[in-house]
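Below is one structure, written out as structure tokens; comments come after it.
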Amino acid sequence: MEFLDLPGRSRASGTVRLPGSKSISNRVLLLAALAEGVTDVYDVLDSDDTRYMLAALQALGVGVEDRGDNHWRVTGVAGAFPARQAELFLGNAGTAFRPLTAVLALSGGDYVLDGVARMHERPIGDLVDALRQLGGRIDYRGTLGFPPLHVHPPQAGADVAHIRGNVSSQFLTGLLMALPLRRLRTRVEVVGELISKPYIEITLAMLRRFGVEVARDGWQAFSVAADACYRSPREIYVEGDASSASYFLAAGAIGGGPVRVEGVGRDSVQGDVGFADALAAMGARIAMGPNWIEACAPAQGRLKAIDLDCNAIPDAAMTLAVAALFADGTTTLRNIASWRVKETDRIAAMATELRKVGATVEEGDDFLRVTPPETLRAGAVIDTYDDHRMAMCLSLVSLGGVAVRINDPGCVAKTFPGYFNAFAEIAR
């Protein structure tokens, strides 16, 4: 297995230009494909997950042209994919798999969607059930409720669908993106609490950019009009990735700073910019502009522990678990059940790896409680579980002045291929 040895460091400062947001990149690429007209998409994230989406769109007959420098020109199909049959391999890209499942289920072709072994363990039954209510015809090719899937042309369905909100916000995102293809007024009602609401806000904002306004009743019901259709905005710029910003902001809070990230800020549509507020609650000094955020360590003393509901920042909250190693007291992260159905079971994985460096960790179904050791244990070998965020989060341990080995560092290619180079630039 490949590994990367990170030397112990104690300072962090500098400026990082963030890569494009994964969540926004894949939404925009799919919407541009469905729209009427040509869309120039700038600052697209170059990563495994976006490559899977681009390859899928090409297989479906969409014109996608690489114009260089993360600029893609997408020629929209105005709702109907030219390829009526295709087999799509989508790796472990939930931001591609879930929306494409919904769109293809309502678009009138015969398609197979598959992914890596971990994707076969990530639930999709709630989305499939909702699509079936709308007339979708979807078969499981393996375990009931999980990929791979075989999608057939839809039949007539209801004008209301119900979907559970507490498993993955990507299910609702996929449904909302697919609804304009029906050309019927359709209402989606959320059963129970909707998790990760900021990701739905991203979806609604992107649909609006492509000409579709979703009417909503709080967070419990969403409606799309019969005449809704996607129209190209001609050009669109992708924000920097706010989840990726969390590692560098935490580095500034741990290693003195200032560390500035460029590409997200006060004007961001991404909920993970709320990570900066969590760091501030821990005592970090935070400054923010429209398109940048800067973090420094507390003026005096160490960070302090927090007890936080992380529903709104599920991905960035992972970084808080590692920041807790550098805080006085016991940090509790709550409402993180969605971690268990991500690229790996992130609650179990994080608990295991934090214990390797000496932390006392308690894990529950939907919480993680971290008490730092008096001294971090040097020489830990960190396993990453083919999970990009595990690798990036746990690199921060090295800012405690201890060397760490990161196994399979290449897994960061899922969202941030240049992460370790960027980290080396700011770690002193």
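Glycine residues also receive a Cβ, built from the backbone N, Cα and C atoms like all the rest.
Just one of ARG67, ARG369, ARG389 is listed by Swiss-Prot for the same phosphoenolpyruvate site as LYS22, GLY94, ARG122, GLN170, ARG346, LYS414, and that one is ARG389. Sequence-distant contacts of SER169 (3-phosphoshikimate binding site), defined as residues of its own chain at least six apart whose C-beta falls under 8 angstroms from its C-beta, comprise LEU194, ILE195, SER196, LYS197, TYR199, ILE200.
Its own atom aside, the Cβ of ASP315 (active site, proton acceptor) has 27 Cβ atoms within 10 angstroms in the protein chains shown. GLN170 (phosphoenolpyruvate binding site) and ARG27 (3-phosphoshikimate binding site) are 11 Å apart (CA-CA, integer value). Considering only the residues assigned to phosphoenolpyruvate binding, LYS22, GLY94, ARG122, GLN170, ARG346, ARG389, LYS414, the longest pairwise Cα distance works out to 19 Å.
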